[in-house]
């Protein structure tokens, strides 16, 4: 049993002297990474999400975006530290391989492949739907005639445009990364320009009475709620924040670029934080002017910005927004598809998936085979499934990756795997739980305490999340058992965080470190687990099927062909 455990937890070693060496071309700078993060995050959400959430949160939608931004920054800070710690291609996959071990790393890498395939496909399908709306559904009607699909769990037709766009972008990424990055910078800049236009133009038509609407002002009190700034109470604001959180997903693609960035240790953390800040300001500004231009209960949940301008008599602005929407979606598609071949390349280089997928073209210095395969997968998914089906499948992999990265930050911050201080006293584990021995440097015992605490904290977060979801009514009714159960879980979580905080900290110098550890990573874990528990049953079933396929690949190919496995054999010889 111990042998199996050692195999599954063997870790990737990164030589600090050769960490900058790569077969890929280093052509990306901080501006390119920031544009990549903004472009991939500020896609369809900016044109749909604000209006959709405003209907359920009212004017307090701006606070919903603020709460979601804070939660996203927690995850972003954790990614930023890992970008400074291990600037290698592969994002959370590499981070987990270095910190936790091979098996968990494969699970995360396999999840990220799912996330980026589904994310890219949903953007491709969304772009086609957006263009089709401007063309009065001409494309949909044509495709239904020439390529109908009569399967209940798939789209009604094969979307040739979504397939074609995905293939063309994959070819562009495979044979011209620098040129593709330049095009992405242009599209993202145009998108931000349109967002600024909407905010400035909308502000000239702002009416602050729309933030203080009373129920007696309308015959339909159901859609108005209680009126005022919080028409649906704090619950509506929090529920809106859960939806808004998904509007910030996408920044993690920056962390997959480690081997293609000129100065990754500084550029990656800066780009993550700056891109999240820009995205928040865009969402905050758009949601503010939308709810001031048009009452929250009259928002169009499908195309809120064009609708708002039509309501104030600016029909011409619809076409300005249409240009911005197209540019934004193209940038979002680039950002969604860009990291997919990088994850495949990283896993193939380690021997966990088929090695030919990681082959780098010597002329273009890109993983051509992996990139083209990524385009084919994205194109097929976008062509065969509709937007709603795709969106429902994409969140779970992202949230799990966020959780593992935050947990890994805790594990690495309180351990020095290469230079653990030898035990000089016979400190009992109970005494070490609060570091009664006052060790100033990590020991094997303190590292074990932190590992145990982090695992137990994750379990406790699951209990807290389940209590928040399923015990909400008993708690609000004052039922003692429900309050006691939730309070116990929260109390245990607080004790575990306090215990982690007392342990000796690693003295390794990094260009960026997460502030307020262990609080920030702990809050990130709690938020991510809560959002995962809110996903529907069908999403978990699809996830289980995908993982079953992945585990088969790992057991029959990855396990015997792992590069780490070969190195272990070399040491034995």
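Start at 1 and count along the chain as shown; that gives each residue its number.
Placement of Cβ uses the backbone N, Cα and C atoms for every residue, glycine included.
What TrEMBL says about this one:
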type: DOMAIN; residues: 512-561; note: domain 'Cationic amino acid transporter C-terminal'
type: TRANSMEM; residues: 33-55; note: transmembrane segment
type: TRANSMEM; residues: 61-80; note: transmembrane segment
type: TRANSMEM; residues: 92-113; note: transmembrane segment
type: TRANSMEM; residues: 157-175; note: transmembrane segment
type: TRANSMEM; residues: 182-203; note: transmembrane segment
type: TRANSMEM; residues: 238-258; note: transmembrane segment
type: TRANSMEM; residues: 270-296; note: transmembrane segment
type: TRANSMEM; residues: 364-385; note: transmembrane segment
type: TRANSMEM; residues: 391-412; note: transmembrane segment
type: TRANSMEM; residues: 449-469; note: transmembrane segment
type: TRANSMEM; residues: 481-502; note: transmembrane segment
type: TRANSMEM; residues: 514-533; note: transmembrane segment
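Packing against the transmembrane segment (270-296) from elsewhere in the chain are residues 30, 33-34, 36-38, 41-42, 45-46, 49-51, 53-55, 57-59, 61-62, 64-66, 69, 72-73, 76-77, 79-80, 83, 192, 195, 198-199, 202-203, 205-208, 210-211, 213, 231, 244, 247-248, 251, 254-255, 304-305, 307-308, 311-312: each is 6 or more residues past its ends and has a CB under 8 Å from a CB in it. Residues 74-75, 78-79, 81-82, 85, 91-92, 95-96, 99-100, 104, 108, 111-112, 114-115, 118-119, 122, 246, 249, 252, 450-451, 454, 458, 500, 506, 514, 517-518, 521-522, 524-525, 528-529, 531-532, 535-536, 538-540, 542-543 of the same chain lie 6+ residues outside the transmembrane segment (391-412) yet bring a C-beta within less than 8 angstroms of a C-beta in it. Secondary structure counts, DSSP: the domain 'Cationic amino acid transporter C-terminal' (512-561) has 40 helix, 0 strand, 10 coil. Counting Cβ pairs under 8 Å to the transmembrane segment (238-258), the top-ranked stretch among 33-55, 157-175, 182-203, 364-385, 481-502 is 33-55. The stretches the transmembrane segment (514-533) and the transmembrane segment (92-113) do not meet in space: the count of Cβ pairs below 8 angstroms, excluding pairs fewer than 6 apart in sequence, stays at fewer than three. The highest tally of CB pairs under 8 A with the transmembrane segment (364-385), across 92-113, 157-175, 182-203, 449-469, 481-502, is held by 157-175. Counting Cβ pairs under 8 Å to the transmembrane segment (449-469), the stretch among 33-55, 92-113, 481-502 with the most such contacts is 481-502. Among the listed stretches 33-55, 92-113, 481-502, the one sharing the most Cβ pairs under 8 Å with the transmembrane segment (182-203) is 33-55.
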